[in-house]
Amino acid sequence: MTEGVGLPLWLLAELTYRCLLQCPYCSNPLDYAQHKNELTTQEWFDVFDQARQMGAVQLGFSGGEPLVRQDLEQLVAHAHQLGFYTNLVTSGMGLTEQRISHLKQAGLDHIQISFQASDPVLNDALAGSKHAFEQKYEMCRLVKKYDYPMVLNFVIHRHNIDQIDKIIELCLELNADTVELAICQFYGWAFLNRQGLLPTQEQLIRAERITNEYREKLKAQNHPCKLIFVVPDYYEERPKACMNGWGKIFFTVAPDGMALPCHAARQLPISFPNVREQSLSRIWYESTGFNRFRGDAWMPEGCRSCPDKDRDFGGCRCQAYMLTGDASNADPVCGKSPYHQFIEQARAESEIDSSLEKLVFRNSRNSKQFTVQQNIPVQNIVDD
């Protein structure tokens, strides 16, 4: 065991990149369409077995849309038998009462459903799918019926942030226990669409104020609903402790078996191992990919001598790569970073008007076009 390396307590199983929606802020890789060789049911069983033996306690099922996998109930049952706390992150598309019942029987602990907006028309436009809002709404009712905690997630951006009060009202109508109002994090398709998604600072201040007003109102009513407001680091002056540090507690397995220290790391010019070829233990403790940004030896001067390095762990490596071209550079979010001007530029661009029509939607046709053209901007196509 490598000295000083902790346990991979949190396993994220990205079961598939397939999805019924086309959200333009999806964090999946732009070239996801070329990654089709998904792990089999038995291969996922083996991943869960190894992770549990290593000390993992929480298992998240995500995608893409994990409900596309017809073996999801089997995977949940196996994870439950191993003693994992299991969480399903879903759009609600493909969910039915029968599947909710089967997932309950399999031992699933937690379901988180995402919405795009409180307004059905805007919700479906952002999802690139007709009747998505109607399906999500009905599934929320059923999730509550089967005694799951009602956890709702809204990715907040410039096109829905001004609905923040209506979003919260919708969540209360659905008897949500927890609501995550997460300002868009700019990875994958969201980074491609950043100019059209990043809210202005004025929008952000207003949304946070309204959220705080609702918190006070709910507290006065002794209402159990918890509102979580996640500010984008693009409006911070200090970087986030991304994943609580590279290779510290978080282990992601992509649909094709690639092992990653975070779900966005696939884009980095690093050769990450595959669970089909190496054990999880070897990957976690010995692989170059997982050791690359552990500790502080990799940090540039300025970061290495910073008193905050043990709190933010140097910030986000993927963000440094996307904005500067080098994952070893100081996170541009940091006000001390020599690359902070990239963040200031993004803030300035948020003041430019942008319509939904300018967004590039996440679907196979756009992904294939991007893959062929590499870094050439793709023509926006919305699948019918």
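Every residue gets a Cβ built from N, Cα and C, even glycine.
Among the features that Swiss-Prot reports, domain 'Radical SAM core' is placed at 5-220.
As annotated by Swiss-Prot, [4Fe-4S] cluster binding site applies to C19, C23, C26. Within 10 Å of the Cβ of C23 ([4Fe-4S] cluster binding site) there are 24 other Cβ atoms, across all protein chains.
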Long-range neighbours only, meaning 6 or more apart in sequence with Cβ under 8 Å: which ones does C26 ([4Fe-4S] cluster binding site) have?
C19, G188, W189, A190, R362
Chain-mates of C19, C23, C26 with C-beta within 8 Å of site centroid, [4Fe-4S] cluster:
L21, Q22, Y25, N28, G64, E65, S91, W189, R362
Looking only at the domain 'Radical SAM core' (5-220), report the model's average pLDDT.
97
